[in-house]
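Asks: Encoded as structure tokens, here's the structure I'll be asking about.
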Amino acid sequence: MLKPSAVCVAVFVILCVGGWCQKSEPLALHGEQSLFRGSDRYDFSYVLPAAALECFWHFAHQSGNFYFSYEVQWVTGIGKDRHITATVNSPEGLLMGSSQDVRGQINFRTKETGFFQICLSNFHNRFGSMQVFLNFGVYYDGFEEMQHQKEQEKKQLNDTLATIETSAARVQSYVFHMWRYYNFARMRQGTDYYLLLSNYNYVTWWSAAQSLVIVLSGFLQLHFLKRLFYTKTTTDTQKPRC
């Protein structure tokens, strides 16, 4: 019997072959205008089941800077192994980078255009799921200058406007890199939050169990002490014998 996930994959492949699937690739306009090379990024959390392998695809042009970072936020199960295996493959299937830790980063420069594959494997934790925070994307160095140079060839701009555009592009690039570092701090903060919540639940249940044991032991001690001082009532016909 086919699983629902397998049926969805089969339908997706059929639609792609039939021309109904659209790639996440920027479309070029008619004429000599080239593709706009900006920057795109994604950050989200994903729950990875036990002993599962999940892959994501991200489109990137040649001569871009591809970055991928992750961190395990919480783990369920018996062993609670927080290690995870992360790999990034090129469109040709070549391994661009790998990591086998609780958190990691993979950065490289793209040498070809296509869909890069990001895979996460949870085979270290076969009896429990885990939540992983993902942050990946691609940015291109110098695309603002290229666009600015092309615009200069088409129309004449005054020096003030050109300076403002150059400064705005530079500030936008700095803000983008600041966002990357901020996002990495968010991952650490999320992990600390789930760790604090886990410790709180552990301390609460352990304290409740210890309190129950103390009350039960006190009740048993009182019961046995009462039995030591228990005396049986006697009558004239029922007297204790030596």
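Note that Cβ sites are derived from N, Cα and C of the backbone, with glycine treated the same way.
All TrEMBL annotations are machine predictions without curation.
Found this in TrEMBL, in case it helps:
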SIGNAL    1-21  signal peptide
DOMAIN    53-138  domain 'GOLD'
TRANSMEM  205-225  transmembrane segment
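Give me the local environment of each listed feature.
Replies: Look at the domain 'GOLD' (53-138): DSSP puts its residues at 0 helix, 56 strand, 30 coil.
Listed as Cβ neighbours of the transmembrane segment (205-225) (distance under 8 Å, sequence separation of 6 or more from its ends, same chain) is no residue at all: none.
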